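Structure first, then comments.
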Amino acid sequence: MDPGWTRSADGSLAWSPCAARMAVPLQLASPYLSGKVSASAPPLVLLVLNYKLPRTTINLWHQASLRICADGGANRLYDEVPRLLDSSSEESDDEIRGQYLPQSIRGDLDSVRGDVRDFYAGKGVEITDLAADQDSTDLQKCLHAVEEVTKLKEWELQACNILAVGALGGRLDHTISNLAMLHRFSHLQLTLCGDGNLARLIQRGRTIIHVDPQTEGPQCALFPLCGPATASTTGLRWNLGKSFQHRSDSCNTG
């Protein structure tokens, strides 16, 4: 019988996602951070949020199949791309910016500057004003757009790697909101990146994390963001053995 199927007392079969996860662990890796991605890898989706962008943004940009700016993230892209490239060429900043155009800028558009909006609109970038929707954040709006685009392109949504840069650091309310999106969109392979950190959701069951020491670590932390959890680890300097964690008093680091 396949892992995940259990037989009840009356002989009937039932599918248990948790049992399946315990038998077949989830594999987590971030090969795109160092560019070690095979040609057959699932599409990479890059979301640009409104905080300082990591230097690896340029590398990620060239690997991405879809690039979306969340409102003020367009300001970051406009302002920081020339600096991130640190180019000694004779190209002007606008010529450089013109080589890094997102497919879309989305959100309530209360943060994107007028000069930035005019520049990208003049380059044919789609700008979608979603100010009428005040019940979702700009990151949520972008994730909904990803769901729409993947359906049109017939990509397997759950296989796509979605990386949000500029998602950690800056305003505390924005950071907490972005972390909450890991749970709200738990069906997506979503990674938050920014301010020297990466954040991913580890769901119930067994998970194997493949670390690239060139771009990740050596520190890591487990934090029960949405409630109590029991965790065990192997491969760390200080491992957990069925350690009960609660968000009010636990953040296990290693």
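We count from 1, first residue shown onward.
Using the three backbone atoms N, Cα and C, a Cβ is placed for every residue, glycine included.
Unlike curated records, TrEMBL annotations are generated automatically.
Features as listed in TrEMBL:
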- 59-191: domain 'Thiamin pyrophosphokinase catalytic' (DOMAIN)
- 207-241: domain 'Thiamin pyrophosphokinase thiamin-binding' (DOMAIN)
The domain 'Thiamin pyrophosphokinase catalytic' (59-191) resolves under DSSP into 64 helix, 21 strand, 48 coil
Return the average pLDDT for the domain 'Thiamin pyrophosphokinase catalytic' (59-191) as a whole number. 92
Using DSSP, what is the helix/strand/coil residue split across the domain 'Thiamin pyrophosphokinase thiamin-binding' (207-241)? 0 helix, 9 strand, 26 coil
